[in-house]
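Report on one structure; see the data block that follows.
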Amino acid sequence: MRAIPKWVEKIHEQGDKSDNASIHAVCFHPEAYNLLVAAGDKVLVYDATDGNLIDTLKGHKDTVYCLAYSRDGKKFASGSADKTVIIWTHKLEGILKYSHNDGIQCLEFNPVTHQLASCTISDFAYWSSEQKNVQKYKIQTRINCCSWTIDGQYIALGLANGLVSIRNKFGEEKMKIDRGKAPIYGLQWAPPSSTSGPVDILAIADWNQKLSFYTISGQIIGKERQLGFDPLCLSFFADGESLVVSGCNKQLQLYTRDGIRIGPLGEIHDSWIWSASVNPQGTAVVVGCQDGSLAYYNLTFSTVHALYASRYAYRENMCDVIIQHLLSGQKVRIKCRDLVHKIAIYRTKLAVQLPERVVLYELTAENQPMHYKVKEKISKKFNCSLLVVCSQNLVLCQEKRLQSLDFYGDLQREWIMDSFIRYIKVTGGSPGSEGLIIGLKSGQVWRIFLDNSLPILLTTVLSSVRCLDLNATRTKLAVVDDIGRMTVRDLTTDTLLYQDSGVNSLAWNTNHESMLCYSHTNGGLSIRVGSLPAKNPQNMIGVVVGLCGATAFCLRGNLMTNIPLALSATLWQFVEAGLYEDAVEIANLGVPLNDWEALGFAALDALNFKAAQDAFVKTRNLPWLEFINEILTRQKHIDISKELIQAEILAFSGKFKEAARLFQKCGKNNKAITMYCDLKMFDLAQQFLTNNEDGDDVNNSDSDDRRELVKKKAEWACSVHEPRAAAELLLSAGEVERAIEIVAEQGWTDLLLDIGRKLQPTEKKSLELIANHLKELKALSMAAEIYRKLGEETQVVQLHIEARDWNEAFRLAEHLPQVLPTVHLSYAKWLVDSDQFIEAHEAFVAANKPKEAHILLKNLADSAVTEERFLDASYYTWLRARQLMKMMEMNPEETSQHHIKEFKVLLQLSAIYYAYATIFSYLREPFTSSPPLTLFNTSRFIANQIGNSTPPKGISMFNVYYTLSKQAKVLGANKLHFQINNKLQQLKAPNGIQEQVDVNIMNSRGASTFSDPEDLLPMCYKCSNFSMHLSGNNCPNCQQEFIFSFVSFEILPLAQFFPESDINEEEAERLLMTPPKENSVDPFTETITQDDIGDLLPITLNRDALRSIDPRNVILVKTPKPIATKYYRNLLPELQITICPGCYQAFHSEDFELQVLQKGSCPFCRLPEDQLFDCY
């Protein structure tokens, strides 16, 4: 920073020019419009720009000691030794005066509330326009200076006893700072700074000749700085980064915010400096002296900076170094805490010259690109005009002398040039051997290598070198001289490439060896690449100092800015010259995407596929990239003419007419037809269908093209929702199957049928396709017609099956025996899905699927048992037995004893479930219609039928015994009651019944008699013997199987007999049905009076015996083969017995008739009433 005197004036007392007026205070307007000067007893108002005196204000009677401007600039105040304070307006009119008891020492306006603080030797006061009275506060010592905080909350008072008193707006002391006994003559709160936080910092200058800094809480900041003189004033710059201090030393001294001395400003005056004020804009400073001297200095800031590639280092706040990455915008600050004289940067090295040393910094790591650490410190003082740093050396330039030092400060090599050195540029190289390009005042340009003492003359320009640069490959040198002439030379051939005038700076592109950017003296920035001329310069103010890619680094004053280059014009220079690869290199530096796109199309028009690919990759134009790859792939296999490639390019870019003409020119009419077909321009495609030379029928290729054209028309008609037209076109082109698909998609069954009728039976594939579509569209009659045309009657039947038209399906299947089982099977599955299980069972049987029928019935029975529907379980089990019986009847030769046994087991199981249904209903329902005797007989039947074997699924023996126990007690069968209760005691009772079971057991044990009535005991009508209740369902004496009535489960009076072995069933039936002779004796009545009837009753009867039995007393149970017919003699003819023809179970006739009347069918096999009558 330099202080250049703008104007200086000596102020004298009025009327006596030999007597100088001491200047005790100077003050700038907040906007620097004018300058106030306190000279003697007057206030002088100067124009701050030119130093002209505007007015002289006379209102005080004694010396004016202090001045202060309000922050808004609308008023200012002056304080004098006459003990008065005058308030002036910005129009220089006095509006108010108030007085103190002593002379006024200092004034300060509150920056927020515009409250004025006036301080004297013994008190201080606050004045504001809103208050009528001035509030005064006593103080014990003289106040020399004062300053408000930035927020206007507190004021600091500098006292003559060495104390600093910090008070609030109400005069209350909040903090006290003791600086010893030395008076305080300068203090000020620092303005906010960009590098510091919002902390209030108070700078204090005292007569201990020290400068110190404190927080508002009284804590000292940093260390105290020695001034070396007694200060009288202190003033901060507006940015808060630096301040000036002056006093008895008679010269301004510049310090940083941290108290670091930067140096003197301006000349040494003849007397003390009482007051100094910094221009609010920071560009000037004014001082007032004891001898009446008033000096106005303009401040100039020299730019200390360095640039390498995209890293820019510059000085800030005189003591800081900022390293900025110009592309990314990253910044890092290095606090040097001393005045920075020179900066140099190269690769990873940074050199900073301070007054007494040079500090070398180095980047720490690549992953921390902006982190520098100290590498070396050279504690020597160097005088140099230029400073350059290399990998291992420090280069100093002073006038004609160039010195190379190592990082320890030792001299390595020295060069002395013939003229002053104006410019140095490091051109790179291996560490320790870097090259330097040096421009001299004489116009010579030399190359120096750090490891070589001999410089090399490269060129000479006509005037002093202003700047120079070497391109990235070090083959081209550009030099600008003082008269603005630019010269570019090729160093390899030592030839002049081109030159220009009116240039003030230049820079080669670090990313492109042939691109040069230079700025003009009249403004503007030009770009030149290779031998192509520069286009019109783009707007720019400043000088270019670097160029990286598409960004130029331009310096204006001390501000570095990034200027994006407009490379489009340069790009199109190369395109117009046909240099597409060079154009791609320019575009890679940075151009808009639309320029990339245009470059790609221009290269494609010139058939430069490599450049076009690069351009379209940049714009991510995938369609064009695929197109280019396809062309390149085809070129590897076949030779493609340029005209054909150009035609395809035109077609792909949408220039269809030009493409069609080129296709025709190449003899590729088919490609033009395909193109127009894809575009749905069928009329234009029709024009390219050519005939042969004789004008006869079209040749084969044209026929194929015509057919393809018709197909494309049809596809287009289909896409625009004209399917009928599409189908007609396809039919005319012979594409029957595609036409059928289109018609089927629309559901036009009539049209499908018409197409099928027109086809020949030999066109089987098309007819089958029509039939299938008609079937899918539920047009079964039409599909049947097509299938009949194909001769596929089986498919016709299948159609009716799918339509669930079972009557028609069975009618047609009667003539197709091979299809009939399939119909039955499909019908059975449909019945299962419809929950018609019985009918489904019959259908499975009819389909010759006995296994499926058996599984169905078994599943039904299991489900019924699970759901406790025991009558249904009995019925389904009986159906299983009947199915097995029919199978044995149909295949007697395959019948074995195993099948007969299985039949009997199923029949027995169905009887158990049938009987258990009554027991279950009795226990579950609150009321029952079954009398006790029926319940007794039924439960006894189940108990004897199961015996000691495992009960069938779902059968609870507890329920059976519990029912039998209860009915035995009711009927007086105490013995049986006791026996059953003993059995119940071994079984687990359901919840809630165990207590009742225990009670029954106790009652049974306490019965008076332990016998059962004889009429309740099972009696065998064959041998007339009684048996125990739980001795089984066979007579233990004669082994006669008891025949039960399947309603009341009473034992029927039937005795089974057998014809002799030589009598077959037909003869036996004929003999039994023949009325007996008059004198014949019934063998059963003849022996009825014998003593041992069991032994005498005949079992096997001959023909005469069979003939003698009354047919009315004979019961025949005729079952299908191979199960033999059973013969029974009703021993009580008055008791009528009925055998069900469906299940062959025996009933009391009255019970059976009642059940049929109630249920409409047999209670056991559910044979309908009408079929029962038909059987009888």
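Every residue gets a Cβ built from N, Cα and C, even glycine.
Features reported for this protein in TrEMBL:
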type   : residues  : note
DOMAIN : 20-193    : domain 'IFT122 first beta-propeller'
DOMAIN : 200-299   : domain 'IFT122 first beta-propeller'
DOMAIN : 305-560   : domain 'IFT122 second beta-propeller'
DOMAIN : 568-956   : domain 'Intraflagellar transport protein 122 homolog TPR'
DOMAIN : 1014-1054 : domain 'IFT122 zinc ribbon'
REPEAT : 57-88     : repeat 'WD'
DSSP-wise, what's the residue breakdown of the domain 'IFT122 first beta-propeller' (200-299) into helix, strand and coil?
0 helix, 60 strand, 40 coil
Average model confidence [pLDDT] within the domain 'IFT122 zinc ribbon' (1014-1054):
86
DSSP residue counts for the domain 'IFT122 zinc ribbon' (1014-1054), split into helix, strand and coil:
3 helix, 9 strand, 29 coil
Run through the repeat 'WD' (57-88) and tell me, per DSSP, how many residues are helix, strand and coil.
0 helix, 19 strand, 13 coil
